[in-house]
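Report on the structure given below.
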Amino acid sequence: MSGGHACSSLSAHLGWPQLTDLWPPPPQNRMVLCPARPPRGTRTSNGATGATRSRAFMFPYFIMLIFCGIPLFFMELSFGQFASQGCLGVWRISPMFKGVGYGMMVVSTYIGIYYNVVICIAFYYFFSSMTHVLPWAYCNNPWNSPDCAGVLDASNLTNGSQPASLPSNLSHLLNRTLQRTSPSEEYWRLYVLKLSNDIGNFGEVRLPLLGCLGVSWVVVFLCLIRGVKSSGKVVYFTATFPYVVLTILFVRGVTLEGAFTGIMYYLTPQWDKILEAKVWGDAASQIFYSLGCAWGGLITMASYNKFHNNCYRDSIIISITNCATSVYAGFVIFSILGFMASHLGVDVSRVADHGPGLAFVAYPEALTLLPISPLWSLLFFFMLILLGLGTQFCLLETLVTAIVDEVGNEWILQKKTYVTLGVAVAGFLLGIPLTSQAGIYWLLLMDNYAASFSLVVISCIMCVSIMYIYGHQKYFQDIQMMLGFPPPFFFQICWRFVSPAIIFFILIFTVIQYQPITYNHYQYPGWAVAVGFLMALSSVICIPIYALFQLCRTDGDTLLQRLKNATKPSRDWGPALLEHRTGRYAPTILPSPEDGLEVQPLHPDKAQIPMVGSNGSSRLQDSRI
């Protein structure tokens with residue numbers, strides 16, 4: 001399933017929206033470059049903050065997976081599959097809460113904008129790796145500063161290029177100062193980004209990144225030019241090949257000196273950090289990212305399933321596989337970092353990093369120590385590209401499907417390719433500021449606010465609206481009609497009580513322990529933080545605004561009557577095909593040609609496809625999540 005930010009399911013936002021799948025992605029097939037999305041937060045000069053918290057992360061991650069991740073994953077799959085509608089159309093179940101669908105679209109829009117920028121950076125590193133010597137291996141480049149201290153320079157491997165002032169013993173240098181700047185860090189900060197000193201100082205647009213951004217969007221568009229029919233075939237490759245690369249890197253990593261030390265560091269928990277609410281909040285955020293919950297992508301992709309497809313089985317297999325891949329990726333990452341720490345003679349926490357530093361600084365630097373380092377770098381960044389594309393496919397398809405389903409006329413159904421092109425062009429234009437010298441500041445701002453706690457709020461409201469407004473008994477009966485059996489008792493309890501309660505308390509404690517965003521030593525100004533909160537609220541605010549709008553346009557003499565009418569299911573809620581509308585969905589009068597009711601696919605060339613949405617949009621029965 002595409003879900004994604006390399007750690008998380010390397011198939012899922014590298015760690016991010018499966019790049020949670022680029023640094024703890026992204027849904028769907030969101031990957032995260034870490035076993036679980038490393039917590040957001042300030043990084044100390046030696047990187048210990050992120051590394052320390054990541055070791056306290058595994059236990060909360062598994063708890064959140066069991067009691068929130070898998071139940072919510074199953075709920076969204078069953079929701080979209082039952083109605084055969086996207087994230088907007090499914091809210092015929094309770095029209096007043098259609099704002100939840102719009103909130104999902106806003107979140108997917110934000111993630112789609114910055115996520116492709118991360119993919120474009122991976123493209124840039126991939127192209128830069130096509131050389132005999134990696135450009136971030138040494139400190140003898142024009143962009144390097146006097147503080148640069150490369151591990152290969154210190155080992156006299158530069159054929160005389162080592163600065164005379166650099167001590168031959170790099171371990172001594174690292175112990176003497178906390179200000180050591182690696183060539184990979186300077187390549188990232190001074191050459192690739194040409195980082196400005198403030199989020200408001202955009203400077204110039206980095207043309208190489210802009211070009212790679214264009215390449216990213218062209219690739220995404222071409223893979224989605226025929227909708228899920230074309231993307232489904234591409235995903236077979238983008239979702240499976242990263243496992244090949246991951247296994248190659250794992251075999252190489254565990255055979256290196258110091259790999260065992262890195263793996264033990266990865267496996268050793270720090271129980272004193274378990275009581276920190278931020279760790280639990282980060283675990284929840286990672287789960288939402290890696291599984292793609294609340295993005296709308298799960299609902300959209302499930303809407304293309306056959307009505308009787310066993311989505312319960314799918315949800316269990318995909319969730320566990322996603323989690324197992326995250327853990328597996330952790331072994332790969334920390335085996336290489338352990339080797340690097342051993343080479344430098346320092347603790348693993350000194351080389352461990354989080355965020356973009358892991359994907360584009362720490363790991364690339366570690367790769368320079370391997371024989372034939374350009375080959376390993378090509379494999380690594382190619383894997384990141386595939387992981388990111390898997391998530392981006394789902395994000396774009398979510399937006400396109402929502403637009404097409406909402407308009408629902410024959411013209412837009414026939415011109416869906418143009419809708420896809422329009423969304424791709426808009427995403428490219430909106431991503432241009434993120435390729436400027438201040439782009440990384442904005443990218444992290446969007447990642448921390450636009451798609452963070454809002455995912456939790458959206459999921460919580462979705463649970464409440466389905467379980468308590470629509471009614472849990474009716475929803476359990478819907479699932480039984482679709483699958484042939486009701487949801488297991490564990491999921492019934494989680495949907496009604498456990499998942500909403502956990503999400504609510506994590507949200508409360510996250511607010512209590514809130515800390516303003518920082519990037520390394522840069523403190524974001526107040527106006528930038530305010531912009532971040534506005535982005536976060538822009539998705540959540542859709543829910544009450546649309547609820548008021550629906551309340552005003554609903555018939556009723558009193559407010560209570562309007563409220564009741566606005567929350568009850570629409571007349572066209574239920575299975576899309578007439579043959580599946582049994583029980584309480586069975587029509588009392590069979591339709592006849594004279595009724596003018598459309599029960600056949602709108603497009604003659606899709607006559608073999610029996611799935612027809614209640615708004616007239618067809619669904620491909622042979623598609624797979």
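Residue numbers in this text run from 1 along the chain shown.
Quick reminder: no glycine exception, Cβ is built from N, Cα and C everywhere.
Feature annotations, courtesy of TrEMBL:
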{"type": "TRANSMEM", "residues": "59-79", "note": "transmembrane segment"}
{"type": "TRANSMEM", "residues": "100-127", "note": "transmembrane segment"}
{"type": "DISULFID", "residues": "C139-C148", "note": "disulfide bond"}
{"type": "TRANSMEM", "residues": "207-228", "note": "transmembrane segment"}
{"type": "TRANSMEM", "residues": "240-267", "note": "transmembrane segment"}
{"type": "TRANSMEM", "residues": "287-304", "note": "transmembrane segment"}
{"type": "BINDING", "residues": "S290, N322, L387", "note": "Na(+) binding site"}
{"type": "TRANSMEM", "residues": "316-341", "note": "transmembrane segment"}
{"type": "TRANSMEM", "residues": "375-396", "note": "transmembrane segment"}
{"type": "TRANSMEM", "residues": "417-443", "note": "transmembrane segment"}
{"type": "TRANSMEM", "residues": "449-469", "note": "transmembrane segment"}
{"type": "TRANSMEM", "residues": "489-512", "note": "transmembrane segment"}
{"type": "TRANSMEM", "residues": "524-549", "note": "transmembrane segment"}
* **Nearest recorded site to C139 (disulfide bond) by CA-CA distance, among binding-site residues S290, N322, L387** => L387
* Contacting positions for the transmembrane segment (100-127) when only residues 6+ beyond its ends and CB under 8 Å are counted -> 5, 13, 16-17, 19, 22, 25-27, 86-91, 192, 208-209, 212-213, 215-217, 220, 294-297, 299, 356, 359-360, 364, 377-378, 381-382, 384-385, 388-389, 391-392, 395-396, 398-399, 402, 427-428, 430-431, 434-435, 439, 442-443, 446-447, 450-451, 454-455, 458, 461-462, 465, 535, 538-540, 542-543, 546
* To do: Would you count the other C-beta atoms found within 10 angstroms of the C-beta of C148 (disulfide bond) for me?
  => 22
* Asked: Cα-Cα separation of L387 (Na(+) binding site) and C148 (disulfide bond), in Å?
  -> 32
* Asked: What count of other C-beta atoms do you get within 10 angstroms of the C-beta of N322 (Na(+) binding site), across all chains shown?
  -> 32
* Of all the recorded positions given, C139, L387, which residue's CB has the most CB neighbours within 10 A? -> L387
* Structure fact -> Ranking 240-267, 316-341, 375-396, 524-549 by Cβ pairs under 8 Å to the transmembrane segment (207-228) puts first 375-396
* To do: Work out how many Å separate S290 (Na(+) binding site) and C148 (disulfide bond) at their Cα atoms, rounded off.
  => 35
* To do: Decide whether the stretches the transmembrane segment (316-341) and the transmembrane segment (449-469) have at least 3 CB pairs under 8 angstroms, with pairs required to be 6 or more apart in sequence.
  => no
* Would the transmembrane segment (449-469) count as touching the transmembrane segment (524-549), i.e. at least 3 C-beta pairs under 8 angstroms with sequence separation of 6+? -> yes
* Please give the sequence-distant neighbours of the transmembrane segment (449-469): residues at least 6 beyond its ends with Cβ less than 8 Å from one of its Cβ atoms. => 5, 17, 68, 72, 75-76, 79, 93-94, 96-97, 100, 103-104, 107, 110-111, 114, 281, 284-285, 288-289, 293-295, 475, 495-496, 499-500, 503-504, 506-507, 510, 517, 532-533, 535-540, 543, 567
* Structure fact -> Using a 10 Å radius on the Cβ of S290 (Na(+) binding site), the other Cβ atoms enclosed count 43
* Structure fact -> One should report the C-alpha separation between N322 (Na(+) binding site) and C148 (disulfide bond), rounded to whole angstrom, as 38
